[in-house]
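Data block below; observations after.
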Amino acid sequence: MVKICCIGAGYVGGPTMAVIALKSSKIVVTVVDISTQRINGWNSDHLPIYEPGLDEVVKQCRGKNLFFSTDVEKHVAEADIVFVSVNTPTKTHGLGAGKAADLTYWESAARMIADVSKSDKIVVEKSTVPVKTAEAIERILTHNNKGINFTILSNPEFLAEGTAIQDLFHPDRVLIGGRETPAGQKAIQTLKEVYANWVPEEKILCTNLWSAELSKLAANAFLAQRISSVNAMSALCEATGADVTQVSHATGTDSRIGPKFLNASVGFGGSCFQKDILNLVYICECNALPEVANYWRQVIKVNDYQKTRFVNRVVSSMFNTISSKKIAVLGFAFKKDTGDTRETPAIDVCKGLLGDKAKLCIYDPQVTEDQITKDLSMRKFDKDHPAHLQPPSPSSIKQVSVVSDAYVAVKDAHGVCILTEWDEFKKLDYKKIYDSMQKPAFLFDGRNIVEVNKLREIGFIVYSIGKPLDPWLKDMPAVVA
Ligand code: UDX
Ligand code: UDX
Ligand code: ADP
């Protein structure tokens, strides 16, 4: 029996460990977390994260070879393999603030592992961390030399939220980085056997430690760069009358480019892209590579530009003022099929609309009112640092209401903004929506999910990212921020 302990029961640790347990009854997996609330959630019928297919996997293994516990030290001490999947937010103060990763949680986990261990362990870096973190962690682990051998591996996770279970079942690849020493190679082999329970051997890539760490940052940076590239094109399409969907399709059919991940949007969000690129920028700066740092920084700048551009479109279309106008916001999560709002473009867009004194009525199928209120009242990056939480700013928050039905959100609204591509928004009765709104009725589609021509036939004035502009919008003078 191999005993695995995973520190951190979050979006990565929870689903990944559940799938490892499902795929091998010979492995006992315990996921531990300092948050009692999170662990209680994992042990209940209402898991703390929403992820299609996750409930079934957890139900099949929980209590058999999958356990969730707050007894962190006991389970770490007993484990052969310890995964570390704690949060690594962006630093909010001090050296590298706003760019560098805050490794406080990582370091405290590493010190705890060193303190409680009584037997040799493989320690697996699962959360995305800056290159060479493994080396720092190795030093912490081996500092209290008690004759225990710790072998460190980097095994970054590539799952995307909303499709986590399918991504874990059928990964494009599993990446394991380790030291090029006999102990390092042996540890790689041990971890490889865990994944070989369901992943074909040729998809398990083994590299050195630094390559694995950097590959994860590189993969996320490349993916984000694709979105910023297509979003930059969307601005040009609007200015020239081309259709970004057609441009994406035509471009993506080149097999060297490929069709995936070319959807223009109001901007990318999620816990990884911005954080990892900022990290990359910081590493480049620390290594005296300012040109490389600037190249990657531009990906974030274009993403911020896209969100601002969207807000400007809303304001300029609606006669240059949205003060006291009701705007319905459909979707708040950073993508469909998740309740996660970390770095969601909806936060910046809503703050932009509130800045122009709009009244927002927000509906998202998975995000709670409490979460939306917190998100809109916090400063950038503070969200990941619970200790820095700011109290809600009453003046802007009273302009926001959160409802549990799309039709309630749009009633009497002057405009509708679609900010997440939930499937249910494609199936709404837009005639009914039009009839219940103030006229002229504006619809701003930040995810290109509605059929623009059909909506224009109903009577809407429609803005859809990167699509030929509505004649109405063409005649409106552009707002300069
Ligand atoms: C990402 C990576 O895909 C994953 O490999 C890594 O492990 C974690 O970071 P995630 O953030 O969960 O996963 O979701 P992803 O599907 O990558 O979407 C990120 C953001 O980009 C979302 O806001 C999404 O809406 C946006 N996006 C994605 C686009 O705007 N256009 C696209 O074509 C694709
Ligand atoms: C390019 C386009 O590929 C082609 O579709 C278009 O019609 C004309 O422009 P070409 O310039 O002939 O074709 O060659 P290509 O193979 O694209 O290489 C362009 C340059 O990029 C070369 O200098 C090549 O060495 C370099 N390159 C290409 C790299 O440095 N790395 C790569 O991975 C690929
Ligand atoms: P990710 O998206 O990378 O999975 P999350 O923020 O969802 O990140 O999850 C990280 C989890 O790690 C949180 O539930 C947090 O409580 C937990 N955590 C952080 N530090 C420790 C620690 N020292 N010991 C145990 N759990 C920790």
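Quick reminder: no glycine exception, Cβ is built from N, Cα and C everywhere.
Remember, predicted model here, so these are calculated numbers, not experimental data.
Here is what TrEMBL records for this protein:
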ACT_SITE  Cys272  active site, nucleophile
BINDING   8-13, Asp33, Arg38, 86-90, 127-128, Glu161, 272-275, Arg342  NAD(+) binding site
DOMAIN    328-452  domain 'UDP-glucose/GDP-mannose dehydrogenase C-terminal'
Where the C-beta lies under 6 angstroms from ligand 1, the matching binding-site residues among Tyr11, Asp33, Asn87: none
In sequence order, those recorded positions of Thr90, Glu161, Cys272, Gln274 whose CB lies under 6 Å from ligand 3: none
Cβ contacts of Glu161 (NAD(+) binding site) (under 8 Å, same chain, 6 or more positions away): Tyr11, Glu51, Gly270, Phe334, Lys335, Asp337, Thr338, Asp340
Integer mean pLDDT for the domain 'UDP-glucose/GDP-mannose dehydrogenase C-terminal' (328-452): 90
In the chain carrying Gly8 (NAD(+) binding site), residues 6 or more apart in sequence that have Cβ under 8 angstroms from it: Val31, Asp33, Phe83, Val84, Ser85, Val86, Asn87, Tyr105, Ala109, Lys126, Ser127
Local Cβ density at Gln274 (NAD(+) binding site) - other Cβ atoms counted within 10 Å: 23
Structural state of Asp33 (NAD(+) binding site), classified by DSSP into three states: coil
C-alpha spacing of Thr90 (NAD(+) binding site) relative to the residue listed as 'active site, nucleophile', in angstrom: 10
The domain 'UDP-glucose/GDP-mannose dehydrogenase C-terminal' (328-452), counted residue by residue under DSSP: helix, strand, coil: 46 helix, 19 strand, 60 coil
For Thr90 (NAD(+) binding site), the three-state class that DSSP assigns: strand
